[in-house]
Amino acid sequence: MTKTIAINAGSSSLKWQLYLMPEEKVLAKGLIERIGLKDSISTVKFDGRSEQQILDIENHIQAVKILLDDLIRFDIIKAYDEITGVGHRVVAGGEYFKESTVVEGDVLEKVEELSLLAPLHNPANAAGVRAFKELLPDITSVVVFDTSFHTSMPEKAYRYPLPTKYYTENKVRKYGAHGTSHQFVAGEAAKLLGRPLEDLKLITCHIGNGGSITAVKAGKSVDTSMGFTPLGGIMMGTRTGDIDPAIIPYLMQYTEDFNTPEDISRVLNRESGLLGVSANSSDMRDIEAAVAEGNHEASLAYEMYVDRIQKHIGQYLAVLNGADAIVFTAGVGENAESFRRDVISGISWFGCDVDDEKNVFGVTGDISTEAAKIRVLVIPTDEELVIARDVERLKK
């Protein structure tokens, strides 16, 4: 038995989960927030307890030190060296990383080079790797990429209709994201349906504040909604998803909001989506509450959100030539029952239908009616478990 920790490092946060492997038992999990700011918050959950402390954490190295010391303080481990492996979520692996990889040689430098593809994520992911490398230099460190699952896409799906030189010289293509989540729920869907994954055609919908939809055939991604960056695809909490690219030069010419690349990125990534249209919130719970109060902008935002998701599901039904199941996962997908009902009711012509009694808050499993030809499943994602499994597989 070994202890492996899965890490998801953000620019000012560090989410973690400690496993006993190969039993896949969660020993503890936690979140450190507001790294680099005053009044940082460290939360540790274990044995039904939740312990929280507020302190000033300057950087990721200090955050990791506090995490490890908390594990000892709460008697979850006796010493640092009980942890024999650490796995790090990394958003962008580009074309270079086609699978999870042990951190050695120039791997970390390559991760940082790929920050061009995920400027909001990869630098923070790399900071988490460096912090653990400094404090636990002898354990196996593994990087697990959101993009790896999508490297099976055919060229017709991942290429953009731009001049070829922008692909060959600049690597402009679709990379996708959330691959670890899509991979996990596809495997769980096969178990739930009692059929081999290799025999299934699935549409997996990872719908949280960020969202993506993937067409999965025989356990492999054949197309996905996110593109060159996690900005593409469906409408999201604060991101536009797909828009006409000509909008950008138009707004550069006629407004003061698009003067620099940073301005463009800020508006499209942080000020749009549900938040931008509703002028209210990026949180689906707030949107639904505002809809119930008759707020027009919130209602429009919700309708647009559902519409874009329905269109992508329909698109992937065409890509797959039908599907065995549509899978909902992540924060909104797992918990917003009215959202699931509304998405499926608009595409019921394809043979999918939701049973209202099964489609209740917090339910997992098959929520379809008996007569539905395409099953509708709700499966909680577990990206941390996939990361821990990959660490065990790659340990020296």
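One is the number of the first residue shown, and numbering goes on along the chain from there.
Positions of Cβ are set from backbone N, Cα and C atoms, glycine also.
Database features, via Swiss-Prot:
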type	residues	note
ACT_SITE	Asp146	active site, proton donor/acceptor
BINDING	Asn8, Glu383	Mg(2+) binding site
BINDING	Lys15, His206, Ile207, Gly208, Asn209, Gly210, Asp283, Met284, Arg285, Gly331, Val332, Gly333, Glu334, Asn335	ATP binding site
BINDING	Arg89	substrate binding site
SITE	His178	site 'Transition state stabilizer'
SITE	Arg239	site 'Transition state stabilizer'
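Sequence features annotated in Swiss-Prot and their locations in the structure.
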{"residue": "Asn8", "record": "Mg(2+) binding site", "DSSP (3 states)": "strand"}
{"residue": "Asp146", "record": "active site, proton donor/acceptor", "DSSP (3 states)": "coil"}
{"residue": "His178", "record": "site 'Transition state stabilizer'", "DSSP (3 states)": "coil"}
{"residue": "Ile207", "record": "ATP binding site", "DSSP (3 states)": "strand"}
{"residue": "Arg239", "record": "site 'Transition state stabilizer'", "DSSP (3 states)": "coil"}
{"residue": "Asp283", "record": "ATP binding site", "DSSP (3 states)": "coil"}
{"residue": "Val332", "record": "ATP binding site", "DSSP (3 states)": "helix"}
{"residue": "Glu383", "record": "Mg(2+) binding site", "DSSP (3 states)": "helix"}
> For the ATP binding residues given in the record (Lys15, His206, Ile207, Gly208, Asn209, Gly210, Asp283, Met284, Arg285, Gly331, Val332, Gly333, Glu334, Asn335), what is the largest pairwise C-alpha separation in angstrom?
Replying inline: 23
>> Just to verify a number: CA distance, Glu334 (ATP binding site) to Asn8 (Mg(2+) binding site), in angstrom, no decimals.
In response: 20
> What's the CA to CA span in angstrom from Asn8 (Mg(2+) binding site) over to Arg285 (ATP binding site)?
Replying inline: 24
> Cα of His178 (site 'Transition state stabilizer') to Cα of Arg239 (site 'Transition state stabilizer'): how many Å, rounded?
Replying inline: 15
> Say you check the Cα of Glu383 (Mg(2+) binding site) against those of the recorded positions Lys15, Asp146, Asn209, Asp283; which is nearest?
Replying inline: Asp146
> Which one of these recorded positions, Arg89, His178, Arg239, has the sparsest Cβ neighbourhood, judged by other Cβ atoms within 10 angstroms?
Replying inline: Arg89
> Around Asn8 (Mg(2+) binding site), how many other C-beta atoms are within 10 angstroms of its C-beta?
Replying inline: 23
>> Can you give me the Cα-Cα distance between Arg239 (site 'Transition state stabilizer') and Asp283 (ATP binding site) in Å, rounded to a whole number?
In response: 12
